[in-house]
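Take a look at the structure below.
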Amino acid sequence: MPAIVIVGAQWGDEGKGKATDLLGGRVDYVVKPNGGNNAGHTVVVGGEKYELKLLPAGILSPNAVPIIGNGCVVNLEALFQEIDGLEARGADTSKLRVSANAHLVAPYHQVLDKVTERFLGSRAIGTTGRGIGPAYMDKVARLGIRVQDVFDASILRQKVEGSLRQKNELLVKVYNRRDIEVDEIVDYFLSFAERLRPLVIDSTYVLNTALDEGKVVLMEGGQATFLDVDHGTYPFVTSSNPTAGGASVGSGIGPTRISRSIGIIKAYTTRVGAGPFPTELFDEMGMYLQKTGGEFGVNTGRPRRCGWYDAVLARHASRVNGFTDYFVTKLDVLTGIEQIPVCVAYDVDGVRHDEMPMTQTEFHHAKPIFEYFEGWTEDITGARTLEDLPENAKNYVLALEKLSGTRFSAIGVGPDRDQTIVVNDLIND
């Protein structure tokens, strides 16, 4: 069987965890190809809410093998805290595996992340302070420490020494902080070696062998399209490529083996942290969406900025990722709103743009051009087919599908796994 990739189509928090959980019972492997414990996601199973950060949502699917891929950066302390938290609630994490080539987040990465944000002041990106950006910087600069290095104390020490030679200069001379001892970091990593060893695999070999054997592999991207370091609203982005192409690189699965690229998109739009957001609401309606949708970050608790659905973004995300399907979430949050605006184009300094503006400056100047749709008041959480939806809700969904340029194959009408309208099978159709 070919592989399937799930990608956030906005700025994150679209409900990728729900989509993964819905499909998890039908797949054999769920791999997280990018990011670290900076991207939280919520999964509701049997009325119980689980807030995951570093672990793939597939950890809660009893039949799937969850894998942290080579494209991730792993905070070992956070990893085992999350595992322990799930096991304390009765979840089975014994199938979890971690790529030997994944990079590690060191304590000094977290220190650098926080002091850099403070140093930038009003120009801060709004990171989670988890050290993800600095860890990816070290990866690209060839100063990174990988999972496999924890099992060779000599190599580990050499790499820590090389990295700290640069980091301590920065910490002491620029940020007026104390230097960090090599032994402190080496001992920190070695303390996890025994527990980590049984989890570590050659993930590229395992996943491709599984595909050769006809198994189904689901790649669960973190963050989202417009946080991608290449395709997002740079510089207000993450440090990896949470797009479909990045999922291929971060899992070691070649692009020709991917059969479905599924975009996860909210029926409205949210964003955490700084950066442009054309449809953002600054009034009571924005507060209403925030409260009704529970729009607060899993990782930081920060309130999410809320706005209307942006079809320009949806079309661009579909183009970048080659989406075959969209999975729309949180349609139920819009229940009770009398009239629902949808952004169909932008006004940039008096010029209409039907597609994403080319430059950062233009996007910062973009003002939404809206079309308006009649709302509904009926409870839709029990709907399981399009025909079950009130006429106005159905019209809204069909309009978004047409404006977004990609078929809507699933629609979330509530937080639970079964509160979903499946229009087209997301694996076999």
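Our numbering is plain: 1 for the first residue shown, then up by one each step along the chain.
Every residue gets a Cβ built from N, Cα and C, even glycine.
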Among Gln148, Gln223, Gln290, Swiss-Prot assigns to the IMP site of Asp13, Glu14, Gly15, Lys16, Asn38, Ala39, Gly40, His41, Thr128, Arg142, Thr238, Arg302 just Gln223
One residue among the binding-site residues Gly12, Gly15, Gly40, Gly301, Pro303 has the fewest other C-beta atoms within 10 A of its C-beta, namely Gly301
Check the Cα distances from Leu331 (GTP binding site) to each of the recorded positions Asn38, His41, Gln223, Gly301, Arg302 and keep only the ones within 10 Å.
-> none
By CA-CA distance, flag whichever of Lys18, Gln223, Val413 among the binding-site residues is nearest to Gly301 (substrate binding site).
-> Gln223
